[in-house]
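Inspection log for the structure reproduced underneath, given as structure tokens.
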């Protein structure tokens, strides 16, 4: 993984932690996940529009290289109808994924939900091989081995949640996991991985020489991360608001407006938290698309597992501090699971950085078949980082 990729994935990880913690607090008080999603998308659209305007005004056109001029023209011109249809379908996949995640939380226990979601790296590899017809040799063996502690660590950590860690889901007590719930949760995990993989594909330029060799090439529209987020956000706002009206979230939120003075003071605190949450979410959306383009969907899955165990550590610490009868320490299984996941993540980063032979093998395959995978190595060698300077400064 390049230094730019490491910075982008680290930024994504930190922002993801902030947004997850603030999301949990807001959902605990408002129970409005779709309105929260709509606010994230709206703030992201405003932020990316402002950044794009400022970037265009600050960058003189006569000083741009050929690649930068192409990027600017893509951002300024209208997208074709086919591209808009792809973006509408993708944004619908994003909204449906949120709906499935919320639905399955009511059908399975929280440990089961988190355990299935932790298999995202393995699902990514399976979809890479089965759907996109990429040979197993694309990833070095060390990468595959590193996924074992990365996934198992989350399973070990989440196994302590039902008995030891109360992560503000009191309705989860005594809940079992039905077969239908497990199947639906697994479907949601597959759709979440598919969303990440399609995000990676949308940011790749199509290749005329091999456009018909794989279904993934039909999704390659070559839109930069900032522009892609800006075009997707309005669709996500409309769809999330539609789901919010359908589930009664709007009525519930309006009812919160009729509050007494103590409740009003609490609402002001929630409002301040919501501002921090929306700004962090807009930065996260940009950073996640950039990290996805640079590092690929498998790295995003590993980072997601690391986020899960860190959230469990924070929840365990908060639980220990909140109960005087406990020592305030972190549960042993949470510590063990966290160490396993961190070791797996470090192993994965080392395997990706030191797999020189694997890179050479993949380069030959990509040049002739242009199969699915992480960030294109040949593009990195050609100095594509110059094209993304404006996006990096925006993040």
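Cβ atoms are placed via backbone N, Cα and C, with glycine included.
Lifted from TrEMBL, the feature list:
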DOMAIN    9-158  domain 'Sugar phosphate transporter'
TRANSMEM  85-108  transmembrane segment
TRANSMEM  114-132  transmembrane segment
TRANSMEM  144-165  transmembrane segment
TRANSMEM  177-194  transmembrane segment
REGION    367-395  region 'Disordered'
COMPBIAS  381-395  compositional bias 'Basic and acidic residues'
Segment-level pLDDT (mean, integer) for the domain 'Sugar phosphate transporter' (9-158): 82
Residues from the same chain, set at least six apart from the ends of the transmembrane segment (85-108), whose C-beta lies under 8 A from its own: 33-34, 37, 79, 116, 169, 175, 177-178, 180-182, 184-185, 187-188, 191-192, 194-195, 198-199, 202, 219, 221, 228, 231-232, 235-236, 239-240, 243
Counts by DSSP class (helix H/G/I, strand E/B, coil) across the domain 'Sugar phosphate transporter' (9-158): 127 helix, 0 strand, 23 coil
